[in-house]
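Asker: Before I ask anything, let me first share the structure, which is written out below as C-alpha cells.
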C-alpha cells in the first residue's frame, strides 16, 4: 500500500515538474501588463467560451452511446452525459487522469444503471479505438493543411530548417498502424481469452486461482468485441465520424478564443495547431490535462503562425483556456456528487468470497 502511494506521489511529482518546466520555457519573458490587456479584449461575452466544450462532450457522448447501442444496451443520453462530465473532471484534474477516469466509468454505470461491468469495459475500449481512428483522420487533415506551418516550426523546435513536419507525419502514420493493428486484434473476439490462457500458464498458483474467477468476464468482453467488430461495423463507423466531429469542435474552440482575444486566426491554422497540440496532450498523459506541455505547443505554433506578441498572446490564451477547464472541472465534480448511485442495486450480482467484481458481474448479467 505504501509503495503504491509513493508511486502515485512520484508520478504526480514528475508530472508537476514537467508542467512547471514547460510553462517556464513558454512564458518566462512574458509582459504581464500586455497579457492582462489581451485578456480584457474578451469582455462580458466570456461565458460563450464554455459552449464549444459542452458541444464537444455531447458529440463525444453521442458516439459512446452509439457503441452501447451496438452492444445491445440502450442508455439515456442525459445519464451518459452526466458520467462523461464527471469523469472528464477527473481526467483534467488528476495525474494519469485518462487512466483513472476510464477505471471509474464501469463502476459508476454499474451503480447508476446496472450496466454490466464487462459491457462498459468493452465500450471504453471501443471508444478509445474510435477516438484513435478519428484522430488519424484529424491529424491527416492537419498534416495536409498545416504542413508549411509545421515546417516553419522546425527552427524553434529542432533548431533546423525542416524536420518537424515529418515528425508529425510519422506520428500520424504510426497512429494509423496502431489503429489497423488493434482492429485486427480486437475484431477476432478472442484477444481477452488468449491473454487469459497465457497468463494462466505462467502465473504462480496463488495468482492463477485468483485469475480463474475472471474467466467468465473475459469471455463476455470477447463476445461484445466480436459482436461490434463483425456484426455492427456500420454503427462503429458512425461513432468514428462523431469523434472526427468532436476533434473539429476542439479546433473551433481554439479559433473562437483566439478571435475573442483580438487575433483573427485562420480556421485552417486553428485545425493545424489544435491537431498537433492534441497529440502532445496525448503523449503527456501523466500530466493533468497536458498542463505545460500542451501550452508550450500552443506558444510555439502561435509564434510560427505570425500572431502578434506571441508570448503574451499565448499566455492570455492559456489563462482563458485553463480557466474554462477549471469551470468544467468544478461542474464535473458537482455532477459526480449528484449522480444517483445505488449502493445495492436489486439486480446486481453479489461477489462470492475470493471472486472478482468482473466475474460476479458476468455471472449476474
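Cβ atoms here come from the backbone N, Cα and C positions, even for glycine.
Annotation comment: TrEMBL describes 9-27, 47-69, 136-154, 166-191, 235-258, 298-320, 326-341 as transmembrane segment.
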Asker: State the non-local partners of the transmembrane segment (136-154) in its own chain: residues 6+ outside its ends, Cβ under 8 Å from one of its Cβ atoms.
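Answerer: Beyond its ends, the transmembrane segment (136-154) has Cβ neighbours at 160-165, 168-169, 171-172, 175-176, 179, 240, 244, 247-248, 268-269, 271-276, 278-279, 300-301, 304-305.
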Asker: Among 9-27, 47-69, 166-191, 235-258, 298-320, which stretch has the most Cβ pairs under 8 Å to the transmembrane segment (326-341)?
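Answerer: If we count Cβ pairs closer than 8 Å to the transmembrane segment (326-341), 47-69 scores highest.
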Asker: Same chain only, please: residues at least 6 beyond the ends of the transmembrane segment (47-69) with a C-beta under 8 Å from a C-beta of the stretch. Say none if there are none.
Answerer: 75, 77, 80-81, 84-85, 88, 115, 119, 123, 126-127, 130, 228, 235-236, 238-240, 242-243, 245-246, 249-250, 252-253, 256-257, 260, 320, 324, 327-328
Asker: May I ask for the residues of the chain that lie six or more residues beyond the transmembrane segment (298-320) and have a Cβ under 8 Å from a Cβ within it?
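Answerer: Contacts of the transmembrane segment (298-320) (Cβ under 8 Å, skipping residues fewer than 6 from its ends): 26-27, 29-31, 34-35, 38-39, 42, 46, 49, 149, 152-153, 156-157, 257-258, 260-261, 263, 265, 269, 272-273, 276-277.
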